[in-house]
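Residues or ranges marked as topological domain 'Cytoplasmic' by Swiss-Prot on the basis of a curator's inference: 1-41, 108-112, 290-308. What Swiss-Prot lists as transmembrane segment is 42-62, 87-107, 113-133, 269-289. Under the heading topological domain 'Extracellular', Swiss-Prot lists 63-86, 134-268. Annotation comment: Swiss-Prot describes N213 as N-linked glycosylation site.
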Amino acid sequence: MANRRQPVQHRAQQRVYRQSQIRYAPGAGGESEISCCVKYSVFSFNVIFFLLGFGLLLFGVWAQIEKNTFVNMLSKASKLYLDPTWPLLIVGFLTFIIGFSGCVGSLRENTSFLTFYSTLLGLLLIAEFSAGVFAYACRDQLDNYIRNLLNDVVVGYRDDPDLQLLIDSMQETWMCCGINGADDWDRNTYFSIEAREVASPEAGGVPFSCCINSSKLEFKNYFCGHGVRLKPESHMAAHLAAQRVMAHTASIYTEGCLPKLQLWLNNNMLLVAVSMVIIAIIQVLGICFAQNLKSDILAQRAKWYYTH
């Protein structure tokens, strides 16, 4: 019985050995069908994406843990779309998966991973193209959606540290205040004029990032926006009231951030379009290289089976 098992085990070992040698065995002409240039180009290119995606993923998870969002996720489910770290997590995860499948597929010459890699890139390319067409066709609805989203961002300014940092950076960079103007901050519970009833120090004010030259100061004055939107008392003399309004108005940015965003997009439309085209070209090249490598691997396997 033992003698019968030995030939079977021997043949099984030989079969495993031969399969493991497919990618190393030269063809009938003594040369491999697999291009080392294509193989290691795909691998090197995707190592960058793998590391970039892994870094974004780690940073996003760390940011969520720092805010205890994972613990309170269900209670804050309605406001998850306002959390700026979620797009970071999604982009990081997709980049990580693409880079990982590309690295494994090219280095191990695994056709399944290369097929998954090409399919994922293709689906992503289709999604990007569809999103671009949809954004152009429904630009009016998209403008209203962005406006409503920014209004929600103003309302939730104090609810999320990352969201607060994002808004402050935007207002300081573009030298703007609110969505359409400084009065938009009246929608926020802390900055609304009605907050005077609870003696809020921020009532009728704006965030410090609305203050002119706030980003140039060595030490930020976080109280510079307090009460700048409060109307003068009725008993105050007209000229004093006018001076107070002018002084407060001169200390903050009065233009909204949405017009600034629209102006930036109009001035940099060519740059945005070129960036999108470059990203699409990189994806197409990734698909072509992966399919080329897959064809080489299949050709090498066919040649090896034919000669053995």
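Every residue number used here counts from 1 along the chain in the order it is shown.
Heads up, the Cβ atoms here are built off N, Cα and C, so glycines get one too.
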Listed stretch, out of 42-62, 113-133, 269-289, that has the most CB pairs under 8 angstroms to the transmembrane segment (87-107): 42-62
Long-range environment of the topological domain 'Cytoplasmic' (108-112) - Cβ separation under 8 angstroms, sequence gap at least 6: 23, 34, 39, 293-294, 297-298
Spatial neighbours, same chain, of N213 (N-linked glycosylation site) - Cβ under 8 Å, 6+ residues apart: none
